Amino acid sequence: MSFAIAVSPHGHSQKSTSSVMRLTLLALVPGIAAQCYLFGWGVLFQLGLAILTALVSEAVILRMRNYVVSASLKDSSALLTAALIAVAIPPLLPWWMVVLATAFAIIIAKQLYGGLGQNPFNPAMVGYVLLLVSFPAPMTNWMAPQAVTAQLLSPAETAAVIFQGKTSEGLTNYQLKTLVDGSTMATPLDHLKTESKRGHSVDTLVTSANFTAVSHEGWRWINLSFLAGGILLFMLRLIPWQTPVAMLGTLAAASALAHYLAPAQFAMPEIELLSGATMLGAFFIITDPVTSSTTSRGRLVFGALVGGLVFIIRHFGGYPDGVAFSVLLCNILVPLIDKYSQSRVYGH
């Protein structure tokens, strides 16, 4: 019997880059569906705009670099970046903002560094932070869930708000936001941060009917949907367990300790874990294999740092949610984390 001689590695993974990206996009579907149910057609419009912008931007830059455009676009990495930006922004954001964020993410945060696998920062978070820093008011202008709002927007009305700034009846994005009980709607984290600064107790705020039914309940379902997608990624062995577990564990521990010491100022862990972009960040952002740590111990450190920074920024910073800033700050530390978390080589 003859045996073939081949060089290592002898074990090969059947998962290509494109298949990993497409499976990750599939895992995003529950979260996207939850957002569509709660916020309406705007989510799909933003998704379409982001995808179109990502593909065009990537194709133009690849052509300028004399790369084969069709082959590079097939890896679906641009689609994933676009999807992450689309689910992170308010559904009725003006069209040019999502175009700006996506183009910046693809051209500056990804291709300028050399393309897929070369970027030190998560492109989707770079694009998101660009909008958050440049246009903070529109980026915090979230709609109330459709189940409680007085204005259910059709696809045509949604398109009118996104592309023209107002509905056929003349209602602007801000006016649509204030149709629920005559008060402006906010994400749970934004609501708690604003009202606690006015002297209201967090314990009282989280038990109010408005917070439970209108604000937190919807975001809880969104986070649970992204959690379901994250579990799918675990089952498919596409992401390591260390990074999300470390992030969520650190955030839960910090919020539990803070709530125990000062319940009037800090919300319970359940609020922290199921509000904002917590689950999206834990399973789809910080698990990016390019911009996160590559060692087992390093992933624990990286995730713990992100979780700790999220808690600090949420409660002591100027923004209600700190996932994007935390991820980008920790991206800077990845080379240092990897250097000091390498396992000792046998024999040395």
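Placed from the backbone N, Cα and C atoms, the Cβ positions cover glycine too.
Pulled from Swiss-Prot:
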- Thr187: FMN phosphoryl threonine (MOD_RES)
- 20-39: transmembrane segment (TRANSMEM)
- 67-87: transmembrane segment (TRANSMEM)
- 124-144: transmembrane segment (TRANSMEM)
- 221-241: transmembrane segment (TRANSMEM)
- 244-264: transmembrane segment (TRANSMEM)
- 266-286: transmembrane segment (TRANSMEM)
- 300-320: transmembrane segment (TRANSMEM)
How about the transmembrane segment (221-241) and the transmembrane segment (266-286): at least 3 CB pairs under 8 Å, pairs 6 or more apart in sequence, or not?
yes
Other C-beta atoms that fall within 10 angstroms of the C-beta of the residue listed as 'FMN phosphoryl threonine':
20
Cβ-Cβ under 8 Å with the transmembrane segment (20-39): same-chain residues at least 6 beyond its ends:
47, 75-77, 79-80, 83-84, 87, 91, 142-143, 145-147, 218, 221-222, 224-226, 228-230, 232-233, 236, 238, 279-280, 283-284
Applying the under-8 angstroms CB criterion, which one of 124-144, 244-264, 300-320 scores highest with the transmembrane segment (67-87)?
124-144
Long-range environment of the transmembrane segment (300-320) - Cβ separation under 8 angstroms, sequence gap at least 6:
132, 136, 140, 186-187, 189-190, 192-194, 242-251, 254-255, 258, 265-266, 272, 276, 278, 281-282, 286, 292-293, 326-327, 329-330, 333-334, 337, 341
Helix, strand or coil at Thr187 (FMN phosphoryl threonine) [DSSP, three-state]:
coil
